[in-house]
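Everything on this sheet refers to the single structure shown next.
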């Protein structure tokens, strides 16, 4: 019978667009509701209690939109998934990142850059160790990189400096050959990272997260069986500057769908 209800995505800004792009590519028939909570960004510098409260309010918003599943396209929220309340399945980008790491490299050390909150919570290490003892992460938190990508996309010198500050400390500890992007904002600047560090094999968890979603939809006969492309609705919190940032990134990433509705919303604090 199928299920035409939309799939929800959550991020604290435009970073989740990298997951949205992959979702549209792999499941073009699915309807989608994307919530980018730019008003309360950055999540990665907040205390856990506040992140959990924001995550739960984001989930309630999407559940009120009738979603059938939610992709947590935010590593900071995903790192606290056990504390979230939802009536629909949640798919963690952190879990996907760990599985993608194992598929890419079987043993040794892998670099990981993420927000300070994600690194502080240690969720990546915990999940990875539950799957294998042969791999370990060399982690580095960054307080500023996601914000630079989100709010200063044209300032290349500033971007390169923040990338350098995030990655160089990893090399000072160990010469890794692979790097997991532990924040969905980071794949937006993947080409710049690859130009600066051609020795690194980059791991983007988005593909694995969509694979896990597809497995669930298939098992539960929940694919949208329409013969037409799905509709994507993008909902943004924040002011006019945030609105323009969303518009520019939609164009930059060539997010293709039959309809895009960009909204300014107020979510309860």
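Counting starts with 1 at the first residue shown.
Backbone N, Cα and C define each Cβ position, glycine as well.
For reference, TrEMBL has these:
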type	residues	note
ACT_SITE	74	active site, proton donor/acceptor
ACT_SITE	183	active site, proton donor/acceptor
BINDING	11, 12, 43, 44, 75, 76, 184, 185	substrate binding site
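Residue 44 (substrate binding site) is surrounded by 28 other CB atoms, counting those within 10 A of its CB over all protein chains shown.
If you measure from the Cα atom of residue 76 (substrate binding site) to that of residue 183 (active site, proton donor/acceptor), you get 8 Å. With a cut-off of 8 Å between CB atoms and residues at least 6 apart in sequence, the same chain places 36, 37, 38, 40, 41, 42, 43, 44, 54, 74, 76, 77 near residue 12 (substrate binding site), listed in sequence order. Binding-site extent for substrate: residues 11, 12, 43, 44, 75, 76, 184, 185, maximum pairwise Cα distance 12 Å (rounded to the nearest whole number). Around the Cβ of residue 184 (substrate binding site), a 10 Å sphere holds 33 further Cβ atoms from the protein chains shown.
A strand conformation is recorded for residue 11 (substrate binding site) in the three-state DSSP classification. Report note: the substrate site is defined by 11, 12, 43, 44, 75, 76, 184, 185, and the residues of the same chain whose CB lies within 8 Å of the CB centroid of those residues, excluding them, are 13, 15, 16, 41, 42, 73, 74, 77, 115, 118, 146, 183.
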